[in-house]
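Among the features that TrEMBL reports, active site, nucleophile is placed at Asp47. Summarising the annotation, TrEMBL assigns domain 'Pseudouridine synthase II N-terminal' to 32-180. Marked as domain 'tRNA pseudouridylate synthase B C-terminal' by TrEMBL: 181-242. Under the heading domain 'tRNA pseudouridine synthase II TruB subfamily 1 C-terminal', TrEMBL lists 246-295.
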Amino acid sequence: MQRKTPRRRVDGVLLLDKPLGWTSNKALQKVRWLLKAKKGGHTGNLDPLATGVLPLCFGEATKFAQFGLDADKIYQTRIQLGESRDTGDAEGEVLERAALPDLSEARLGQLLEDFTGAQQQVPPMYSALKHQGKKLYELARSGQTVERPARAIVLHELRLLNWGVDFIELEVRCSKGTYIRVLGEDLARALGTLGYLASLRRIQSGPYKEDQLVSLDRFEQLHQEAGEEALDTLLKPVDLLVEHLPSFQLDEEGSQKLTQGQAIELLDSTLQIGENVRLYNPELKFLGLGEVKESASKQRLLAPRKICVA
């Protein structure tokens with residue numbers, strides 16, 4: 001009988017540079033295995049074709065992963081023109097070919113301006129979204145197509161990086177839930193041709209940028225040289241995921257009450273009702289998140305929302 005690998009408690013965030021060809025979950029499980037971590041998760045899928053910023057959360061950090069999911073993202077992508085693929089990217093089979101459009105910098109600039117802003121986008125069949133309990137890409141691989149409701153997205157900025165006879169390269173700053181593959185197809189269609197995603201790199205997710213990333217090769221090398229505990233030095237603290245929120249330092253009594261699930265009265269604070277707040281004890285140890293609420297008697301209270309286990 002094979003003995004299970006012993007796991008240890010690991011709390012923190014790894015800003016991984018996801019390798020080309022890896023699913024986000026495969027990358028997570030590889031890092032989790034190297035760390036020997038009990039618990040892990042990530043803050044949103046990157047397609048196997050994509051590389052770049054993938055925040056991985058371990059231990060208590062998994063409680064705050066949603067804040068990474070909700071963050072805006074920035075991508076750099078190359079859209080190949082003149083043919084479509086069944087997956088919408090370079091990994092798929094060619095479906096159809098079309099004539100190449102006449103391009104100019106002025107035409108492309110106007111196109112990107114027209115696409116910028118709030119809109120509805122229909123997710124692709126080749127995605128991890130679920131329909132009646134099955135992932136869409138599983139249905140797509142079996143030849144099925146189902147109706148997918150459009151979702152609200154925002155394309156904050158589309159910047160032209162380069163272009164040629166049969167391609168355009170863009171930088172896209174967008175809201176969560178945006179499928180760059182669909183954007184590539186839509187842009188090509190607006191140019192009167194077909195297109196697919198030839199490459200994709202996420203260069204920023206929320207405040208996390210590619211110059212902060214750790215490669216999987218570096219992670220594995222350090223593991224070979226010094227073991228799993230040395231890998232902890234590459235992890236960011238748990239509160240990295242919520243550093244954009246206001247902070248509040250508690251006294252000993254307040255720290256004890258909030259970590260035991262009790263609310264405390266807020267006095268002389270500029271915090272607003274409904275606001276999420278980072279909580280710290282007198283020694284500046286991160287305790288978790290609180291939420292400002294109003295009591296029946298109109299008092300402002302600071303109540304625990306997500307508290308870290310000591």
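Using the three backbone atoms N, Cα and C, a Cβ is placed for every residue, glycine included.
Automatic prediction, not curation, is the source of TrEMBL annotations.
Per DSSP, the secondary structure of the domain 'Pseudouridine synthase II N-terminal' (32-180) breaks down as 32 helix, 61 strand, 56 coil. For the residue listed as 'active site, nucleophile', applying a Cβ distance below 8 Å and a minimum sequence separation of six or more within one chain yields Asp89, Arg181, Leu200.
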